[in-house]
Amino acid sequence: MTILRDYKLSGRKAFAVLLDPDKVEQDAFSTLLQRTADYPVDFFLVGGSLVTDYAHKEVIATIRRYSSTPVILFPGNPLHIESSADAILLLSLISGRNADFLIGQHVIAAPLLKKSGLEILPTGYMVVDSGTQTTVSYISGTMPLPHDKPDVAACTALAGEMLGLQLMYLDAGSGARRPVSAAMIAAVRKAVNVPIIVGGGITSGEKAYEALKAGADMIVVGNGVEQDPDLLPQLATVVREFNQSVVQA
């Protein structure tokens, strides 16, 4: 989606909400979508590392009823392809060494993606240690990047960019005890020119601002925005004010 690159080139930042179909509670979900009229988000991501309900189509249909915001799939496996979305993050788990998540799943998904009409976003997916084991680390059988090793993350991202990946996604994971560090985001920002997405552990406006200032082009928050009524306006306001400061500068 060229809009992410446009955001980066302009210096503007994006805000995305990640919706896990397994964790969507319908009443809270509808309320969240209505609130985005006052506190806009730039993208909805739909998916998760382990989705058992496969309600992607229903979740996307509900989003469409309330919003024209673009929907991007965040797939855990080839079964999570849904053509009613706008685009899909084609995730290559470059922080790990499991060939199935580097290329194996992609071989299975490729013909389905070809037919889907979705915009394909080749993404270097880097799982970062957040103080607790995440679902993606367990399912993939891989170790996350050490929280305090920004140089390792930078070299990993650089290799991904050299391989042709068009986005980098630093993810501390659902339920993270701590977010990706500003030092790691800054190191990756210095190493690569592609847009950087950062998610996991962003539980306050202050943490969102730190990620944006360090070099994140898009921040992602999960279903926690449904549970904490104050989080959506906090994050939307931080991103809006950050972008306003860029324009004024």
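Every residue gets a Cβ built from N, Cα and C, even glycine.
Other Cβ atoms within 10 Å of the Cβ of Asp20 (Mg(2+) binding site) number 22 in total over all chains. The Mg(2+) binding site annotation in Swiss-Prot covers Asp20, Ser49 and is backed by sequence analysis.
Residues or ranges marked as sn-glycerol 1-phosphate binding site in Swiss-Prot (evidence: sequence analysis): Tyr169, Leu170, Asp171, Ala172, Gly173, Ser174, Gly175, Gly200, Gly201, Gly222, Asn223. Counting every protein chain shown, the number of other Cβ atoms lying within 10 Å of the Cβ of Tyr169 (sn-glycerol 1-phosphate binding site) is 28.
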Using all protein chains shown, find which of the binding-site residues Gly173, Gly175 scores highest when you count other CB atoms within 10 A of its CB.
Gly173
Distance between Tyr169 (sn-glycerol 1-phosphate binding site) and Asp20 (Mg(2+) binding site) at the Cα atoms, whole Å?
17
